[in-house]
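Trainee: According to TrEMBL, the record shows the following:
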{"type": "TRANSMEM", "residues": "45-64", "note": "transmembrane segment"}
{"type": "TRANSMEM", "residues": "76-94", "note": "transmembrane segment"}
{"type": "TRANSMEM", "residues": "100-119", "note": "transmembrane segment"}
{"type": "TRANSMEM", "residues": "140-158", "note": "transmembrane segment"}
{"type": "TRANSMEM", "residues": "164-184", "note": "transmembrane segment"}
{"type": "TRANSMEM", "residues": "196-214", "note": "transmembrane segment"}
{"type": "TRANSMEM", "residues": "226-246", "note": "transmembrane segment"}
{"type": "TRANSMEM", "residues": "367-389", "note": "transmembrane segment"}
{"type": "TRANSMEM", "residues": "395-415", "note": "transmembrane segment"}
{"type": "TRANSMEM", "residues": "427-443", "note": "transmembrane segment"}
{"type": "TRANSMEM", "residues": "470-488", "note": "transmembrane segment"}
Amino acid sequence: MAGGGAAPPPKQEELQPHPVKDQLPSVSYCITSPPPWPEAVILGFQHYIVMLGTSVIIPSALVPQMGGGNEEKARVIQTLLFVAGINTLCQSFFGTRLPAVMGGSYTVVAPTISIIMASRYSNETDPREKFLRTMRGIQGALIIASTIQIILGFSGLWRNVVRLLSPLSAVPLISLAGFGLYELGFPGVAKCVEIGLPEIILMLIFSQYLPHAIHVAKPVFDRFSVIFTIAIVWLYAYILTASGAYKNARTKTQIHCRVDRSGLISGAPWINVPYPFQWGAPTFDAGECFAMMMASFVALVESTGTFIAVSRYASATMIPPSVLGRGIGWQGIGTLLGAFFGTANGTAVSVENAGLLALTHVGSRRVVQISAGFMIFFSILGKFGAIFASIPLPIFAALYCIFFAYIGACGLSFLQFCNLNSFRTKFIMGFSFFMGLSVPQYFNEYTSVAGYGPVHTGARWFNDMINVPFSSKAFVAVLVAFFLDNTIQRRDTSVRRDRGYHWWDKFRSFKTDSRSEEFYSLPFNLNKFFPSV
């Protein structure tokens with residue numbers, strides 16, 4: 001006879017697998033339900049702080065190579081923020097209508113550096129003149145590159161590609177849109193580990209442990225953990241700087257650890273309104289335009305994965321292909337605006353802000369629109385914006401460790417629609433993940449050793465056209481998964497179920513699910529003039 005302490009047999013419902021959900025449950029405020037205004041404003045400010053990382057990192061890497069000083073760097077950051085604010089508003093009103101923050105794109109950095117290194121700029125002795133000439137060359141390439149996103153998005157071509165996407169082929173795309181950015185996480189933290197590591201630890205405590213240890217009426221610690229922890233660690237970094245802890249440290253350590261070495265506050269004007277062609281008329285080079293177009297296409301593919309993750313964390317239904325195409329078209333317009341204003345960068349969906357939606361459980365459209373207001377406001381009031389932009393970058397790298405992980409996990413969550421006991425599923429998923437990590441690793445290793453990519457011909461633009469896409473983990477992974485998923489036993493009825501294709505049938509057209517109207521229809525009755533199909 002069993003002892004008195006034996007566990008009771010499990011109930012029938014406990015033996016059932018977790019049910020599949022079209023919409024993510026337990027989100028506090030979904031896409032159409034905004035939080036109260038005071039809370040929405042603070043959450044919007046939090047989104048602004050989070051997107052500052054990329055907005056500072058990219059110009060800080062590019063502008064000095066272009067010949068620019070602190071003044072040029074501060075102005076490019078302000079311009080990037082200003083354009084990001086406009087693009088975020090356009091995307092939330094007329095694009096996908098998702099709470100997606102539109103920021104800078106890391107994918108565009110490689111061809112941009114290629115333009116900076118071009119021989120026609122190397123003879124320029126005046127740094128200011130070199131900066132202006134290089135910026136105009138980058139602007140010209142980006143103007144042409146934006147057309148590929150605009151054409152693919154608004155023509156319906158991208159919509160037709162996305163219709164063939166199944167949950168199985170979406171998994172590596174979304175997962176590596178997050179996990180694939182791992183080199184921006186802990187390696188960035190380690191550049192000043194005494195600041196970066198406390199930020200990670202405090203974020204874990206505030207967002208995961210304190211809400212369960214201290215019970216308050218409303219979620220405070222997890223929802224505003226970014227503001228709490230940045231304030232604490234930034235103050236700690238200031239004390240370290242003021243006490244002379246880095247007085248005799250190496251220059252690199254001082255740049256990453258000190259709060260007064262960014263040069264942004266001294267370089268930023270009090271008030272500055274960015275305007276189109278502020279650096280002069282763009283110049284065009286055919287080869288560089290081709291290279292930038294390929295980078296623009298890779299950014300488009302990566303943003304597709306992030307858009308799907310945003311729709312999930314906003315507790316919306318799967319984004320219809322026509323709406324996704326519309327969003328990509330507006331992303332192209334965003335890249336074009338950035339080229340006109342001179343941001344030296346393209347436009348993509350901010351992965352870190354998509355992760356913040358998951359951390360706060362708030363996927364409200366209004367919150368992101370408020371954050372766009374902060375971007376525009378602080379980009380015009382230069383000195384005030386520069387204060388926030390001078391937060392040490394290891395703090396942002398610590399946030400990335402959490403936010404990028406959330407996007408990676410979102411991709412894995414789509415496996416709930418697939419048959420994980422199928423060998424076909426296992427092969428496609430495993431092989432695409434492995435190649436998505438392994439191929440870019442080869443390209444990046446080769447480049448770091450040789451100083452140029454594996455494809456190294458006399459035509460620099462052709463080299464970039466091959467090296468850039470195969471250095472993107474998400475791009476390589478989805479290329480492999482999409483091809484295999486649409487060619488291996490595609491006609492088999494059971495395979496259709498195994499890959500989860502049938503789960504997204506009702507979202508392949510805008511009209512087949514009534515919830516699409518609620519989440520994705522255009523405002524001001526514009527659906528009448530621009531119908532979604």
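Every residue number used here counts from 1 along the chain in the order it is shown.
Yeah, the Cβs are placed from backbone N, Cα and C, and that goes for glycine too.
Walk me through the surroundings of each of these features.
Mentor: Taking Cβ pairs closer than 8 Å, the transmembrane segment (45-64) reaches residues 72-73, 76-77, 80-81, 84, 101, 103-104, 106, 109, 112-113, 116, 131, 224, 226-227, 230, 262, 264, 344-345, 350, 352-353, 356, 360, 367-368, 370-371, 374-375, 378, 388-389, 391, 393, 396-397, 399-400, 403 in its own chain, all 6 or more past its ends.
Packing against the transmembrane segment (76-94) from elsewhere in the chain are residues 51-52, 55-56, 58-60, 62-63, 68, 100-104, 264, 268, 272, 274, 278, 326-327, 330-331, 333-334, 337-338, 341-345, 347, 365, 368-369, 371-376, 378-380, 382, 385-386, 389, 522-523, 526: each is 6 or more residues past its ends and has a CB under 8 Å from a CB in it.
Only residues 6 or more beyond the boundaries of the transmembrane segment (100-119), in the same chain, are considered here, and those with a CB under 8 A from a CB of the stretch are 47, 51, 54-55, 58, 61-62, 65-66, 80, 84, 87-88, 90-92, 134, 137-138, 141-142, 145, 181, 184, 285, 288, 291-292, 294-296, 298-299, 302, 306-307, 310, 327, 331, 334, 343-350, 353-354, 368, 371-372, 460-461, 464, 467-468, 471-472.
Cβ atoms under 8 Å from those of the transmembrane segment (140-158) belong to residues 108, 111, 115, 282-285, 288-289, 291-293, 295-297, 299-300, 304, 321-322, 324-333, 335-336, 338-340, 345-346, 533 of the same chain, restricted to positions at least 6 beyond its ends.
Here the transmembrane segment (164-184) has Cβ contacts under 8 Å with residues 106, 301-302, 304-306, 308-309, 351, 355, 397, 400, 403-412, 414-415, 417-418, 425, 428-429, 432-433, 436-437, 440, 472-474, 477-478, 480-482, 485-486, 498-501, 503-504 of the same chain, all six or more residues outside its ends.
Same-chain residues lying 6 or more positions outside the transmembrane segment (367-389) and placing a CB less than 8 Å from one of its CB atoms are 29, 34-35, 40-41, 43-49, 51-52, 55-56, 74, 77-79, 81-82, 84-86, 88-89, 92-93, 99-101, 262, 264-265, 267-274, 353.
Sequence-remote contacts of a segment are chain residues at least 6 beyond its ends whose Cβ falls under 8 Å from one of its Cβ atoms, and for the transmembrane segment (395-415) they are 50, 52-53, 56-57, 167-168, 170-179, 181-182, 184-189, 191, 195-197, 199-200, 203-204, 207, 226, 230, 233-234, 237, 305-306, 309, 312-313, 351-356, 358-359, 429, 500.
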